[in-house]
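Peer 1: So that we are looking at the same thing, I have put the structure below in structure tokens.
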Amino acid sequence: MLSKRIIPCLDVRAGRLTKGVKFEGNVDIGDPVATARRYYEEGADEIVFYDITASHEDRGIFLDVVERVASEIFIPFSVGGGINTVDDMRAVLMAGAEKVSVNSGAVKTPDIISQGAAAFGSQAIVVGMDVKQVEKSATIPSGYEIVIHGGRKYMGMDAIEWAKTCESLGAGELCVNSIDADGTKDGYELTLTRMISDAVTIPVIASGGAGSPEHMYDALTRGGASAALIASIVHYGTYTIPDLKRRISGMGAKMRMVW
């Protein structure tokens, strides 16, 4: 059985670490470079960096911050935000990331997934999915709709079907973020996570809502996720990563205790 992963997420705006609830009310909470280094030293399995306004502002990612983070950590590092072309992917990988996370850019131009996989390998391509629960319809039979531009634009695309498409185009991993749960610390959207993990064969990262080790354990077991993305739960000092790993391991999930 493969070890489950704990992945701290750094949402970055204007070069600073920030956090909101349901993509709103973001507040400055520190330096992303120092925070990434701390999580690496605590034993995080991976770090995810999102430039959360790059797509909405139609600009490139903050490569200088990516380079600074990459120079401080020695674990897998995934970067997303404003990635719309293979050249954007290359720039992020050259700045020190092991993986690129495409979200809005992939929805608008799905071929970027296959182009990126051909150029850099599927293992380097993560598709981020921002999802809202809506009324079920012929267009959205699952009741989960894809949204882009930081939750600002509904796309009329069913999340489960989009997940299958991403896998068929060559994505190596999916990061599934429930906007309804994001930042609430009330638990992951387990129905959504399970539906997607059952629909694809590639790893699924659960994102949005972690407030306790029990929430994370549920996502990694009942939700079928291979990894749990976390933010508020560690950013605000509620738990350390070693605390979380010990607690989740004690519940029966296989964790990598030391990197």
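All positions are counted from 1 along the displayed chain.
Heads up, the Cβ atoms here are built off N, Cα and C, so glycines get one too.
The feature active site is assigned by Swiss-Prot to ASP11, ASP130.
Show me how these features fit into the structure around them.
Peer 2: Annotation note: ASP11 (active site) sits in a strand segment as assigned by DSSP. Summarising the environment of ASP11 (active site), the number of other Cβ atoms within 10 Å of its Cβ, over all protein chains shown, is 25.
Every protein chain considered, the tally of other Cβ atoms within 10 Å of the Cβ of ASP130 (active site) stands at 27. Annotation note: ASP130 (active site) sits in a strand segment as assigned by DSSP.
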Peer 1: Using C-alpha atoms only, work out the spacing between ASP130 (active site) and ASP11 (active site) and round it to an integer in Å.
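Peer 2: Distance (Cα to Cα, whole Å): 14 Å.
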